[in-house]
Amino acid sequence: MKDLLVPAGNPAQKAEMLLKTEKWRFLLSLLFYPVGIVRIWRVKGWLVAKWLYAIFGCVLFLVTAGYLSIVLFAAFLPPLDNSVGTNLQRTIYNTAGNYSATFLKTGNETNGAYELVQVELEPRGGNEWHYHKTFTEEFTVVEGQVRIGRNGSEIIINKGQSALAQREDMHFFLNARDEKSVLLVKTTPASGLEKTLRVAYGLINDGLLKDDMTKNPWHMALLLGYSETYLQGLPGWFQEPLISALAKIAQWRGEDQELYKYYK
C-alpha cells in the first residue's frame, strides 16, 4: 500500500520551481510587446525599466511588425519580372558620364545560360561591396586596369586578366586609374543584369538617378530586385527578404510602368 503513495515532496522546492517557472513566463512575455507592456506595469517599482521598455519596446515592436507585414504581403504577389524587349539597341549610353554598355550576349540569346556585357568604367568609377545569391560574375579587363574586391581581399587585374565572384561572395569592382577602363562582365546563369543596366542608364540620363539614389524610392527597390543585389553591413536574413518584397510590391503598385521606355 505504501508503494502506491506519491511522496508529497519538499514544499520549499515546489515553491522555488513555481517561482522559476513564473519568472521565465514573465521574461518570455516581454518578447511579445502587447502582453509584456501590461505585465511589466503590474510589477511594483522598476519605473525607469518600465519607461525604457515602453519606449524602445514599442519602436522594436512596430519595426518588427512592419517588416513581417511587408514580407508576408509580398509572398502572395507575382514574382519579379526580369524580362526585356527583343528589338533593343545593343549599346546604351550614359550621357552624364559619357560611357557605354554593350550587350554582347543576352539571356534571351543564350536561353538563360549566361549574359555577357561589355561596360565602360569612368575614371575611378565602379560599385560598392555587395553580393548576389543566384549567379556568379566573371570580370575580364578589355582595356585599362580594374580593382576587384572579393571577401575582404583586393587585387588589381590588367588587360586580358580575369577574376571570379562566386554566389554569395562579397565583392566590388572599381576602375583603378584616372582614365576610362573597359570591363567584360559575364553572369552565369543569366540574371537581371541587362534590365538593371538599361533602367539605371535611362534613369541617369533623365536625371532621376543621382549619387546612387533614385528620386523615386520604389525605382531603387526595383533596381536592387532586378539585379538581386544585397549590400554590405546588413545581415542577409534581414535584407534579402525585404529587398525582394519591396521590389515585388513596387511592381504590384505599377511603379515599373514608368520604366517601360528603357527596356520594352
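Note that Cβ sites are derived from N, Cα and C of the backbone, with glycine treated the same way.
TrEMBL: automatically predicted annotations, no manual curation.
Note that the coordinates shown come from a computational prediction; the quantities given were computed from them, not determined experimentally.
Taken from TrEMBL, the feature transmembrane segment covers 24-41 (among others).
Taken from TrEMBL, the feature transmembrane segment covers 53-77 (among others). Here the transmembrane segment (53-77) has long-range neighbours at 30, 33-34, 36-37, 40, 238, 241-242, 244-246, 248-249, 251-252, meaning same-chain residues at least 6 beyond its ends whose C-beta is under 8 angstroms from one of its own.
Taken from TrEMBL, the feature domain 'Cupin type-2' applies to 119-184. On the 0 to 100 pLDDT scale, the model's mean across the domain 'Cupin type-2' (119-184) is 96.
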